[in-house]
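Going by TrEMBL, these are the annotated features:
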COMPBIAS  1-10  compositional bias 'Acidic residues'
REGION    1-99  region 'Disordered'
COMPBIAS  29-83  compositional bias 'Basic and acidic residues'
TRANSMEM  207-229  transmembrane segment
TRANSMEM  288-306  transmembrane segment
TRANSMEM  380-401  transmembrane segment
TRANSMEM  421-442  transmembrane segment
TRANSMEM  454-474  transmembrane segment
DOMAIN    524-639  domain 'TMC'
TRANSMEM  601-623  transmembrane segment
TRANSMEM  644-665  transmembrane segment
TRANSMEM  701-725  transmembrane segment
COILED    725-756  coiled coil
REGION    770-864  region 'Disordered'
Amino acid sequence: EEDKEDESKEEDNGPRQNRAPKRKTLQRKNNDGKMTEKGLSRKREGDKKAPTKDQKDSENKEKKTNKEKGKEKENKEKKERRNSTPSTSNSSDEESLSEEELAMLMEQVEQKKKLISTMRNKPWRMVKKLSMLREAQAFVEKFEGALGKGKGKKLYAYKMMMAKKWVKFKRDFDNFKTQCIPWEMKIKEVESHFGSSVASYFIFLRWMYGVNLVLFGLIFGLVIIPEVLMGMPYGSMPRKTVPRAEQATAMDFSVLWDFEGYIKYSALFYGYYNNQRTIGWLKYRLPMAYFMVGISIFGYSLMVVIRSMARNANESTGEGDDENFVFSWKMFTSWDYLIGNPETADNKFASITTSFKESIVDEQESNKDENIHLRRFLRVLANVLIICCLCGSGYLIYFVVKRSQTFSKMQNIGWYERNEVEIVMSLLGMFCPPLFETIAALENYHPRIGLKWQLGRIFALFLGNLYTFLLALMDDVNEKLAEEDVLRNTTHWTLLSHHNSSAGNGSTAIPPPLDPADVPRGPCWETTVGIEFVRLTVSDILVTFVTILVGDFIRACFVRFVNYCWCWDLEAGFPSYAEFDISGNVLGLVFNQGMIWMGSFYAPGLVGINVLRLLTSMYFQCWAVMSSNVPHERVFKASKSNNFYMGLLLLILFLSLLPVAYTIMSLPPSFDCGPFSGKKRMYEVIQETIELDFPLFVAKIFSYVANPGLIIPAILLMVLAIYYLNAVSEAYQRANAELKKKMQMLREEEKNKRNNKATTNSAMQDLEDLLKPNVNNESQPKQVEDKKIEPPNKTSPIGKQVKAAAEDVSPINGRRGAALTPPLHMLVTQPPMPGLRTPYPGQARPGPHPQGPVPWRARGQPRY
C-alpha cells in the first residue's frame, strides 16, 4: 500500500498523457508483488506447520477488506486527480521553466524570427530554404506562447495569434491587390518572351489608361451627366437642334463619319451645353463646373506626371554608376532575370556578348586619331537635311489645312478632300522617322547618343506638325469670329421680325414660338476645333491598327508561309519578322495624349474615345507582339527610371496648355453656343460666381489676389525658389561626386599599401636569406668560447636583455627596420656618445680609453 501511495503521488505530478501507461505498469507491479508474496508465504508455510481452517478464514477476510479499501482509495485519488489537474499542470509548467530557460528560449525565438525575415537573402538552395523556414516557423509557433506566465500567458498567446492573423490578412490583401491590377498576367507573359524593355511600353500604356480613366470620370460625372439629366432636352433650343438644311442627311454614314449631323449637336462637343447659370432642382452651376473641370484636367495631369517623375528619381538613386568599372557592371548586372523564353534568352546572351565587344572597340577607338573635319562636315550635312525635312512637313501641313478650309465651303466634295489633313499628318508620322534614321547613319554617333538624337528629332517632327496644325486652325477661328459678328445681327433681326410680324396683326395672343431648326446660328468655332481634334484622334487610331495588321501580321504570315518556296531565306534576310518599335510607340502615345489634353476642353467626349482607344490598343498590341513580332537582337534591360518619357509627357502637357489658356483669356466665346455664350471672355464665369454666390469680403479677397502687384512678386518668388533648389541639388551632386573621388582614392591607397607591403616582405625575405650564412659562421667560434664562460642567467637583467635583443633581431621577427639592427652578437645597453665615431674592427679606440674589455661588452667579442 505504501508503494501504491508513492506511485499515485508520482502520477499526480506527471502530465495527463502518461497516466494510462503508468496505471498499467502499476497493475503489473502489484500483480508481480502479489505473486512474489504468495511464493514466499508458501515457502514459509512449507517450513512451518500447516495452518488451520480458522487461520485461513481470517486471512481471506483480511484480504477482502484490504481489496475494498484499496478500491476506495483508488476512486478518491481519481477524483482528486480530475479536480487538481489544471492547477498541477500550471504549477508544473511554471516550475519546469526557470528564468534562465525563459531568457534562452526568448533568444532562440528571436533568432528564428530574424532567420524567417532574412531567409530570402541567404545564399542557400531552395530545398534548404524551405526546410529551414518550416523548422523555424514550427519552433516559433511551439515556444512563442511559453514566454508568458499565468494569466499573462493567455493574453500573450492571444496577442500573438491576432498579430499572425493580421500579418496573414495583409499578405492576402496584397495578393488580392496584385490580382486586381489589370493586365498583369498579360504583361508578365510579354515580359517573359521579349524582356522588360518591351514590357515597359505596356506598363506605360496601362498608366496612361489609368490617368485617362480618372479624367473621363471627372468630365462624365461633373459635366456630361448633369447636362443630360437636368439640362434642356434635345430640340428645345437652336444649339441642341440640327438645322433644317442638314436634317435630310444628318443620319448618313458619311456625315456621321465626319462627326457632323446628329453627332455635332450632341453632348460630345462644346456647343451642346446651355449657358444657364443654374440647371435642375439642384441648382447645379454647369458653366462654373465646365470651366473648373477643364482647368482641373491639366492640374491633375501635372500633379500625376511630376509625382511619377519624383518616384522614378528616388528609385534611380539606388542604381549604380556605370562610368567606372564598365566591364564589371556588364558582367554582373546585364542579365534580365524576367526572361522566360529560350529564344529571348539566346538573344540576350548574344546581346551581352555584343555589348562586351562594343565596349572593347570603344576603348580601342578612343585612342585612335580620326578625321575630325570630315565627321563634322557629315554631321552638319545630316542636321541640315533633317531641318529641311521638318520645315517641309510643317509647310505641307499648313498648306493642307488652308486647302481644307476652301474645301469646307464647297459642296459635294469627296472622302479624300474631307479627310486630307488627317491623312497627311498620319503619313508624315509614318514615313519621316525611318527617313531620319537613314540620314542619321552619316553622323556615326554611338548607338545610345544616336537613339537620343532620333527621339529628339521625332519629337520635333510631331511637335512641329501639331503646332502648325494649331496655327492653321487659329486662322480658321479668326475667320469664323468675323462671320459671327455678321450672323449675330442676322439672328437678332430674324427673331425681332418674327415677334413683330405676329404682333402687327393686332392680336393680343402670344405669338407662336419659332422652330429652333429655322433659327440662323453662328459657326461656333469651339465645336469646329473639337471636331478637328476628334478626327485626328480617330485617324491616328485607324492608322495605328492598319500599320500593325499590314506591317506586322501580314508580313509575318508572308515570311512564315512563303519562305519554303522563295529564292532566299526570308526569315534571316529581307523582309524578316518585324521587331516591336518601343520608342515610336511611346512617342505616339505621348503626342496622342497631348491632343487629348488640348481637345478635351472643346470636346468633352474626346476623353471617352481615348479610353476606348487605349483599351483596344492593350489587347490588340499584346496579340500582335505575341503572334507577329520577334524579340530584339539586342535586348536591353529596362531602367527603373523612365523620366525621359515622362519629361516628354510633361513638355507636351505644358505646350498643350498654352493654346487652351490663350483661347480662355483672349478670344471671345461664341454668342449662341456653349456654356460661356453671352460673355466677353470665358474666365468671367469665375467673377460672376464670386459676386453672386459668395459674401462680399470673399470677392474683395479675390480681387486683391488677382491684382498684378501680387501676382508678379509671387511669380518672381517661385522663380527664385526654383533657382535655389536647383543650386542646392547641384551642390549635392558635386558633393557626391567628390565623395566618390575620395572613396576611389582611398581604395587606390589601400591597394598601393598592400602592394608595397608585399614588395617589402619579399625584400626582407631576401635579406634574411643573405643573413643566415653569416649567422651560422659566427655562431661556431662563439660556441667554443661559451664552453669556457658561463652564460648569464636568464632571470638576471643582462640575460633578459640578451634574450630580448635576440628576439628582436631574429630572422623570424624581421621587419622594415631589421636591416638597421646591430649584429646578433652585439648587446647595446646605452646610446652612443655624441661626436664619437665607432672604429672599424682592429682599429685602436681614440681617446684615453684602455684597450681592455669594456663593461658593456661581453668577453671574447671583437673590439669596435
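Cβ coordinates come from backbone N, Cα and C, glycine included.
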Non-local residues, at least 6 beyond the ends, that sit with Cβ under 8 Å of the transmembrane segment (454-474): 386, 389-390, 393-394, 397-398, 401-402, 421, 425, 428-429, 432-433, 436-437, 440, 529, 532, 536, 583-584, 587, 591, 594-595, 598, 644, 648, 652, 655, 659
Cβ pairs under 8 Å between the transmembrane segment (288-306) and the transmembrane segment (421-442), at least three: no
Tally of DSSP helical, extended and coil residues in the domain 'TMC' (524-639): 82 helix, 4 strand, 30 coil
Average model confidence [pLDDT] within the domain 'TMC' (524-639): 86
